[in-house]
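Peer 1: I grabbed these lines from TrEMBL:
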- 12-29: transmembrane segment (TRANSMEM)
- 49-69: transmembrane segment (TRANSMEM)
- 81-99: transmembrane segment (TRANSMEM)
- 105-123: transmembrane segment (TRANSMEM)
- 144-166: transmembrane segment (TRANSMEM)
- 178-200: transmembrane segment (TRANSMEM)
- 207-224: transmembrane segment (TRANSMEM)
């Protein structure tokens, strides 16, 4: 292993440690990601339990920074993931800091940059370093599949935080969304639904069910948080579509219509 490769792997470890430390400091005491988002009231708020998914992503990324030191992960970690893991981790921490400081538009722009950074890893691994064992699926492909789906979902949530707000009456009670907010809501649901379908249909020949179900999980959390029928049932429709569409390969296989497009969960 060259000195440059060793440095890159050490940087990955340090960035991961920084990511964990920054999150721990931000959410020490009684604070949590849920508390942060409760400050920003929108008509696209997800339920608090959706943020447990980020804990799972943290754990799997921890597996990645360990797995990268093994010979079987060497090439994929260096040339598939590359420096984009460090960049994505820094952008994630910056996004969190901007959200805490209520710099909402800047946070949205950083969220978009993070999507592009993780996308590089996501598609590079698919195209050049397909998973060939369960360790690779679990600690190389899974973290970035989950992270990519999550980054797309959270960027949409951040967009609502940055550019919209709820309407309230004189007593501070949230009013039903107006036509403008309803249109934005359905654009967001449609975008996420088509993105989830795209993961299954257009990401290579195998598809990526994991990322699609991350978006489905996010839409279920949005549905759970809705109190008005004008948005509630749209969120439910999006959640159902994004849950069932990725299951299509398994349904086809069970029906005896197996093909090369039937996808595994990862890689």
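Just so it is clear, glycine is given a Cβ too, placed from its N, Cα and C backbone atoms.
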Peer 1: Where among 49-69, 81-99, 207-224 do we find the most Cβ pairs under 8 Å to the transmembrane segment (178-200)?
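Peer 2: Going through each listed stretch, the top one turns out to be 207-224.
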Peer 1: Please indicate, using numbers and ranges, the residues of the same chain that are 6 or more beyond the transmembrane segment (144-166) and have a C-beta under 8 Å from a C-beta there.
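Peer 2: Apart from its flanks, the transmembrane segment (144-166) reaches 37, 40-46, 53-54, 56-57, 60-61, 81, 88, 95, 99, 104-105, 107-108, 111-112, 114-115, 118-119, 121-122, 125, 174-175, 177, 181, 184, 188, 191-192, 195-196, 199, 208, 210-215, 218, 266.
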